[in-house]
Amino acid sequence: MIIDAPREESCSSTVTEESRVYYQTEIFDQLPSSLARRTHHHQDRGTTETSHPVEMHPGQAGGARDRAPTQPIRSLPVCMQGKREARDLRHLQTRTIGRWESWKRNQSIIRKRLWEQVGEAMSRLLPWSSILHTIEGRFGVGVKAYFVFLRYLVYLNLLQCLVIGGTILTPTAVYDSDGDRGLLRFEGNDSVLDFFLGSGFLERSPVFYGFYARGSLDLQCLNTPLLFLLGTLTVLILSLVMVVRRTVVGYKHTWLLGNGYNIQMSYKVFCGWDFCIQDPEAAALKLSFIRNELKLDLEEERFQQREARRTLGQWARLYFLRGLLHFLVLVLLGGAFCLIYYATMASQAERSGDYLIIRVLLHYLPPIVITLVNFFLPHVFRHIASFEDYSLTTQVNATIVRSIFLKLASLGMYLFFLFKNSQQECWENQFGKEMYKLSVFDFLACFCNTFFIAYPRKWLVERYPSSWLARLSGKQRFLIPFNVLDLVYSQTVTWVGLFYCPLLPYIGIVKLVAIFYIKKLTVLQCCVPAQRMFRASSSSVLFHFMLLLGLIMAAITLGSNLQQFPPSSSCGPFVGSATVFNVTDVCVDSLPGLAQSTLRYLSSEAFILPLILAQIVVLTSLESRRRANGKAVERLKDMLVMCTSDKHFLLKQHTLSLRRQKKTFKASTTVSGTREGSHIAQLKDPSAQLTGDDSPS
């Protein structure tokens, strides 16, 4: 009787092995994804379930899916058996396709792996990576997005410096007809203030437009004026390509993500931790980063719930309040433009007999007014946006839009008033000096704000926290919109003054690197993490879009100036030309007849119609691709939802199976225990067994 129980278990095990294939087929047919496909199949075909077979679930076929043939087998996220099957599948594919195809596939795999390794190595060589990681862990991705944007501007200015050096500086240094003048010429009346005013020795240096002359390079299609114009246009075109590409890529990433906060929440909770971290400091940074991300998601969800509970009357009052606040913003912008106008008029007025410090202040009066307006009004816009009851990300974006309009419009008004009242002979140098002063004063404002406002404020809050001034100022937080707008404004000034001050990109690189370390000290030493986080993905797209607006404004301003105002007859490489673009006409006239006809046709109005038709065709194809990609993204989202449903279903079935096995095990244990107990009792009392056997039937 003791041997009967194992025999029964062996029998049940055999039955289980035989029914496993049928059970797997049945369980996959019961999955929510299979049911949804079957329902969709019936709706499309209008037939019964028996007349059309149901598509097999991907997991039903079994075996390893080698979905990444370029990925090493040891790095595949599967078990050891799956890796063996993936290896056998690759060997089988190699034997079936032939030697030539196998060799080409191996070479393609090697090239892809090599490029991946090169990309990983280049990503490790990016500057300031550890600093950005520290900032991200302590202050969130929003503050990190600012420093990433600043690093991107450094790369952009570096590219501009290469173009300017190859097209303007190198030809001037090699083919300079007046080699005795030198790069820097100091005279008796030069002083240190010339460095801040752009006058004196700087005015006679390669920094400004007036230094460059036609030189000995005087061919019809290769001369200094043509290279000067070509370098400026190349910088603007390359900047346009890079900024548009960065904006489109960021927008596509944001559009693909959408508002699926629930998926991100589950991912951050269950898969957000990196178990390879061994450094306690790195673990603390990662923990802080996950905490900040969860705070952001909860803030977004809380605002959506509050917005869904608003009534019609609350919406009406809210829209009325927003209209009043928009009108207040327009009034503030009008007042700022009036201040800039009067400051420009005062700086252009002729004054004699004033002290040196007063003359310096008058020269810097427009930059001072523009900087003060750009410093105070964005804070007013931020408080106005807080009363409009938007989400935090929308508040940040609204403040950015208003502030960038203020900065670009104030710069445009200043340039308009400056050109309107410019009456000097070498007006290009005068305009370049104004752009130089704007760039220098912008850096001085950043430096003074950090070391004369931020650090004393931190010292006051830490040393005297109970004083009324410390309570009024509060702890300092890094305001991302305003700092980003300062970068956009600085880069716009560089683009506007590029033609009149060719060394502005070089000055911009030095300024941006210094600003990076100044802002790093400000963030890590003087600021505390914000209590409310904002999502950096959409705001990063807005950062680059504002930069694109600044580039468009700079191109329009520069193009209108070059077309409207003739070059000076006393300085610059375009002396003697009616317009700057006359050098291109001279080059075109020297070309063969076919090349002339082609270039003149491309620059005429007749080329506009086929160009518009080609653009319509390209846009139509791109729109078709966008719709197809949108449908594909929706299908992928539905597949993710169905995968989640399948996991819930399989988890439920697994739980039920474990419960059945537990009950079966308990029952079998109880039966076997009863049989063993009775047999042991009979062995202990053989007389009872004999009595039972000898008893009459």
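Cβ atoms are placed via backbone N, Cα and C, with glycine included.
Automatic, uncurated: that is what TrEMBL annotation is.
Model, not experiment: these values are computed from the prediction.
These features come from TrEMBL:
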- 44-55: compositional bias 'Basic and acidic residues' (COMPBIAS)
- 688-697: compositional bias 'Polar residues' (COMPBIAS)
- 426-537: domain 'TMC' (DOMAIN)
- 33-70: region 'Disordered' (REGION)
- 667-697: region 'Disordered' (REGION)
- 152-175: transmembrane segment (TRANSMEM)
- 225-244: transmembrane segment (TRANSMEM)
- 324-344: transmembrane segment (TRANSMEM)
- 356-377: transmembrane segment (TRANSMEM)
- 397-417: transmembrane segment (TRANSMEM)
- 495-518: transmembrane segment (TRANSMEM)
- 539-559: transmembrane segment (TRANSMEM)
- 601-622: transmembrane segment (TRANSMEM)
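DSSP states for the domain 'TMC' (426-537), grouped as helix (H, G, I), strand (E, B) and coil, give 85 helix, 0 strand, 27 coil.
The transmembrane segment (356-377) shares the most Cβ pairs under 8 Å with 324-344, out of the stretches 225-244, 324-344, 397-417. Residues 365-366, 368-370, 373, 377, 380-381, 384, 387-388, 402, 405-406, 409-410, 413-414, 417-418, 421 of the same chain, all 6+ positions outside the transmembrane segment (324-344), place their C-beta atoms under 8 angstroms from a C-beta of that stretch. Counting only same-chain residues 6+ beyond the ends of the transmembrane segment (397-417), those with a CB under 8 A from a CB of the stretch are 329, 333, 336-337, 340-341, 344-345, 366, 370, 373-374, 377-378, 381-382, 385, 388, 390, 438, 481-482, 484-485, 488-489, 492-493, 496, 538-539, 542-543, 546, 549-550, 553, 557. Restricting the average to the domain 'TMC' (426-537) gives a pLDDT of 85.
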